[in-house]
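Summarising the annotation, TrEMBL assigns active site, proton donor to His215. Annotation comment: TrEMBL describes His215, Asn216, Phe217, Arg218, His219, Asp256, Asp365, Gln416 as AMP binding site. Residues or ranges marked as Zn(2+) 1 binding site by TrEMBL: His219, His255, Asp256, Asp365. Marked as Zn(2+) 2 binding site by TrEMBL: Asp256. Here TrEMBL flags 139-460 as domain 'PDEase'.
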Amino acid sequence: MGSSSSSYAPRNIYLDVDGKVQKVTSITVIFLFTSFFARTFLQSTAIMVVDPEGAMVSIDPTMPTNSPRAFHINEMKTELTNRLTMLEKRVELEGLKVVEIEKCKNDLKNLREEMSSRGSSRFNCSCKYNLDDGKKVTPRRDVPNYPKYTLSQETIEALKKPTFDVWHWEHNEMLSCLEFMYHDLGLVKELNMNPITLKRWLLAIQENYRNNPFHNFRHCFCVSQMMYGMIHLCNLKEKLTLTDLVILMTTAVCHDLDHPGYNNTYQINARTELAVRYNDISPLENHHCAVAFQIISLPECNIFANVNPDTFKNIRQAIITLILATDMARHGEILECFKQKVKNFDFSNEEHVICLKKVLVKCCDISNEVRPTEVAEPWVDCLLEEYFMQSDREKSEGLPVAPFMDRDKVTKPTAQIGFIKFVLIPMFETVMELFPQIEEIMVQPLRDSRDHYEELKLLEDAMTETGLKIYVKHAYGC
């Protein structure tokens, strides 16, 4: 068996390659079709199987011998060409995608760098905002280490009065005073607040007030301290619920969070991100609300964590309503609403109480002139400094400038007289109809302040007139 010869005999095959007949064995056909054919196909080389005399032959018995396309070479060439074209297009498209991906990566990198630079220069660029800036609203998770001050009885009594001098207290001391107010009013117990959470929350609040001349953390403390004083002076613990009191106090603490130092008029005229985000409707007040509840959304700062969902929903809505009420553009509307109710005010009427809370927050927000002159007057300087910063910027940007903010037109007396006469006194006198006890300690100081600035205005006018006379005398020699 092993010596028998094989029945297989290699057969010769003749190929016509571009008119030249070549003999090959069937064994080498595979090689020809895997190497030579692949190479010559792309060069449009014609290949046919022929006999020694050059006649067309076919390996496939089902294929007609006279077919000029015995191996379907043209179809294969077309198919391969099409596939090659498709592959080239895919490579081109994938290449473009890679380019786009790299471009996107570079854009993201540049954006991160820009956001980082904005974050590091937050106080220098006052009209750029980013609510996703975690660094701004994420406090330390450890127990805040600001000192726990033991307030003297004298300080405790002073905190309840509008005469409290807010200028002699450091931030840590103000934080301790605010903490005391929440405990003293029974708010911590009523809402089952974690005392450590209260500390963290207050620290986060302080960190989210900017270093503006006027709208800063000291202003926040002033408004909160005045609210605490009015709660005691007007016996609000007997007339309102503790939930109402926590709404009033928390609104006072949060009402100007992350204030940029440029008012709503500037935001709208300059088309800032805030104005665009809030459709020119109280952009600053909406922003204060957003930052307030972004802080509260942090578990370590959620002073309302132990409040049931329905109660929290009501507290949140009430705080938003009251912060939005601090927009001075709504002053006339809110005061008129309160005037219509004060004659027959009903503490059991929810609508009446909401209107009262709005007015109380507004009173506290603009109450500096209620304080003694030596405490109130520095605030005027701070406010004018902030106004002048805005008007200078508006001039440089070609925006409208309000006369009461223009350093070339306004003086301290002219800035205060109209505001006291037409805004402060009418509002506090309306509140006085409901709480007569505020007349001596709050309304009368406003009247005295009005008289003080009117005297300064007369002196200012006299000096201006004297200066003008002296100028005319020297100029014309008479």
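The first residue you see is number 1, and the count goes up from there.
Cβ atoms here come from the backbone N, Cα and C positions, even for glycine.
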Discussion item. Most Cβ neighbours within 10 Å: which of the binding-site residues Asp256, Asp365 is it?
Written reply: Asp256
Worksheet, complete the sentence: CA pair Arg218 (AMP binding site) / His255 (Zn(2+) 1 binding site), Å rounded to integer, equals 13
Discussion item. Just to verify: the residue among His215, Arg218, His219, His255 with the fewest other Cβ atoms within 10 Å, which of the recorded positions is it?
Written reply: Arg218
Item to complete: Take the domain 'PDEase' (139-460) and average the pLDDT across it for me.
Response: 96
Worksheet item: Using a Cβ-Cβ cut-off under 8 angstroms and a sequence gap of six or more, which residues of the chain neighbour Phe217 (AMP binding site)?
Response: His171, Met174, Ile205, Gln206, Tyr209
Practice prompt. Counting other Cβ atoms within 10 Å, pick out the least crowded of the binding-site residues Asn216, Gln416.
Written response: Asn216
Worksheet, complete the sentence: The rounded CA-CA distance in Å from Asp256 (AMP binding site) to the residue listed as 'active site, proton donor' is 7
Practice prompt. Can you grab the distance from His255 (Zn(2+) 1 binding site) over to His215 (active site, proton donor)? Cα atoms, rounded to a whole Å.
Written response: 10
